[in-house]
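Undergrad: Okay, handing you the structure first.
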Amino acid sequence: MDWMLEKPKPNNRTNDSILLYRYLDHEFYGKIVIGHPGQTLNVAFDTTWTYSWVLSSECSDIETIGCYFHNKYDHTKSSEFKPDGRKFSIKEGPYNLTGYFSYDNISIAHSNVTNYDFIEMTYVPYTFIFNKADGVMGLGKKADLYDPFFYTLLNQKRIKDPVFSIYLNRNHQSDKGGNILLGFVDKKHIKVEVIDGKKVYDEIKYMPTDPLSYWQFDMDEIVMVHNPKKNDTFCANGCKAVIDTSTSTIIGPADEVTKIHKLIGASKTFLNRYTVPCDKVDQLPKLNFVIGGKNFILTGRSYITKFTWRAISVCVSTFQGAETPSEKNKWFLGGSFLTEVYTIYDVSEKKIGLVRAA
């Protein structure tokens, strides 16, 4: 594993780093360039999607309000565009997407792929109007004939080693959201302690993943620590966990999320979200996510997001109950978990590494 602690190589590049931006503390996105001449769009890098897609210029702002205020890809302006001919449609819960497949060149950071197969979306839900991203780059595992973007980078030999890692910045005041590191793991993102005068890096916990497109693995339990003598346990007999880089939320079974909100004294407000008094955040109990016997601890500052507008501040829980059938009986660990945990995705071994973030 000579890729383990390498740094980017600007010359004779075999790895790369994508800069992520933070939007309203609930979305992480980066920039891509599609076609020739290039068209720049913002995309979310999503570990729960295998497909990559962008909004099409055929997505009408009038008929599809979700396309409003967004950049759109116009294939008529690209000399490298090629039609695919296949249609795409998905309807599940809040997801209602329609489009068609196309081929074009895509560049991200210093890496580019040619003749990449992606989806032009012509219809998206109205809620997409609130997103900064104009589409999604799928970082899920390959599960069928379709090659997710990272697999294409490997196949076209743009990246040497079959690993990528994701670091999300925990500084909520910064618009810099973190980095996606292609082909390497950067030790500066791993928590380090000084023991007997020597630097000791936190041990990476590798977990085998299920044979699905999700980066899904077994989680032992989640423990809410009130004090040394009182705990509450969720996912009590073990459960499935999924890394979800597309959102800042942590999604879990509705009944367990309801109990968490009750225990932290949260009140239900708009859009089915829950808030707590901002002056109570530092007093909230810690949540210990136990994975492969290793503890990953979130404090109130980790799982509560503070939104401020002028003199008004609102502190919102990042926990949400599952809305779709595919989300039930498992936990989707988003940005509020990932700002505390640096994650490593080993494509060849189909395993995921988790380590406490620096």
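Each Cβ is built from the backbone N, Cα and C atoms, and glycine gets one as well.
Okay, these came from TrEMBL:
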- 28-355: domain 'Peptidase A1' (DOMAIN)
- Asp46: active site (ACT_SITE)
- Cys59-Cys67: disulfide bond (DISULFID)
- Asp244: active site (ACT_SITE)
- Cys278-Cys315: disulfide bond (DISULFID)
Undergrad: Should any of the recorded positions Asp46, Cys59, Cys67, Cys278, Cys315 have a Cα within 10 Å of the Cα of Asp244 (active site), which are they?
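TA: Final answer, ordered: Asp46.
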Undergrad: Just going by other Cβ atoms within 10 Å, which of the disulfide-bonded residues Cys59, Cys278 has the emptiest spot?
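TA: If we count Cβ atoms within 10 Å for the disulfide-bonded residues Cys59, Cys278, the smallest count is at Cys278.
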Undergrad: Whose Cβ, among the disulfide-bonded residues Cys67, Cys315, has more other Cβ atoms within 10 Å than any of the rest?
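TA: It comes out as Cys67.
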Undergrad: Among Asp46, Cys278, Cys315, these being the recorded positions, pick the one whose CA is nearest to that of Cys67 (disulfide bond).
TA: Asp46
Undergrad: DSSP secondary structure for Cys315 (disulfide bond), reduced to helix/strand/coil, please.
TA: strand
Undergrad: In sequence order, which same-chain residues at least six apart have a C-beta under 8 angstroms from Asp46 (active site)?
TA: Val136, Met137, Gly138, Leu139, Gly140, Asp244, Thr245, Ser246
Undergrad: Need the DSSP three-state call for Asp46 (active site) to compare against my parser.
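TA: Asp46 (active site) sits in a strand per DSSP.
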Undergrad: How many whole Å apart are the CA atoms of Cys315 (disulfide bond) and Cys59 (disulfide bond)?
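TA: Cα of Cys315 (disulfide bond) to Cα of Cys59 (disulfide bond) measures 35 Å after rounding.
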